[in-house]
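Notes to accompany the following structure.
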Amino acid sequence: MASLGRQVPEWHRLMALSWACLARQTCHFRKEKKMSPSLFCKLTTVPSRGNFQEFSSVRPKKYMQEPEHRTRLVPCLHEEQRTCMGSESLELERAISSLQDMGFAEAHIDSLLNIQPSVHPQQLLDIISELLLLGLNPEPVFMALKKNPQLLKLSATQMKRRSSYLRKLGLGEGKLKRVLSVCPKVFTMRQQDIDNIVKVLKEKCLFTVQHITDILHRCPAVLQEDPSELEYKFQYAYFRMGLTHLDIVRTDFLQYSIAKVKQRHIYLERLGRYQTPDKKGQTQIPNPSLKNILRVSEAEFLARTACSSAEEFEVFKKLLDQEEEESESHMSEEEEEEEEEEEEELP
């Protein structure tokens, strides 16, 4: 009994210490606002009746407080979205103001901003500024971008590089207006393709530098032609029709398709209304001007130049197509025979 009497105060002291420890840990939990693994440990106390009982230090979930950063997450996201939208709106307003200062009409501004919606407004302004520096007015710039939206995907560096290249070809200071209206891909096509055309005009056709500049300015469609077909067109004009280099440049001959040229030239030739000049450039009959052959409509060509009916010209075109098909077939057969002979000669 004496021993039991001494144990009772010890049990009460142990219980008091356990509750004090629990109170300190709970207070610490509230201050830190987070759960510590040590708080999940269960405390064992000895009550006065001598039975062991477990007390959990974890409070019910309904009393747990959500972390502060979670409660602030959604407002932060909304604030970032509002900031982003405000920044985009400000950039758009600045772009519209700049385009107005450049001289673009309101309708053009709306169209420009919708041509490539993914393009940043500042990049749009950079591209347009480069085109204006080449001597273009707002109207041709708008038409060029509308015909070739890929222009807006170029960087300012690429635009400056291509502009410098075109200036070297003599296409600066306002001459690009016609080039862009006819061939808006002049800025986006490969430079190697342009070089190939210039090389044919210079080395195969023997045009001067000034002639090449005039051709690119007056007939920009040649930039999109196949180099071999362009060379053939020149040879037809020079050898079959007897035209000089200056005639070809001044009459914009290279802008017409070879099919149209051959149809009208050969038709006049068979009617006896056109002759190929001799070595001295002379003919027995006066040839009609190229303007009356190529620059006029088909109806005017037949009425004033050929003095023929539309039915006769249609029959002639069908016959000419058959002749060319037979000629091509005959040429391919000759090429095959030559290849077979070469193979037989090989040991």
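Cβ from N, Cα, C; glycine included.
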Annotated region 'Dimerization with NSUN4' segment (source Swiss-Prot; candidates 22-39, 148-165, 310-327): 310-327
Surrounding residues of the repeat 'MTERF 1' (142-172) on its own chain - C-beta under 8 Å, 6+ positions past either end: 104, 108, 111-112, 115-116, 119, 123-124, 126-128, 130-131, 133-136, 179-181, 184-188, 191, 194, 198, 209-210, 212-213, 216-217
Tertiary contacts of the repeat 'MTERF 3' (209-239) (same chain, 6+ residues out, Cβ under 8 Å): 169-171, 175, 178-179, 182-183, 185-186, 189, 193-194, 196-202, 245-249, 252-255, 258, 261-262
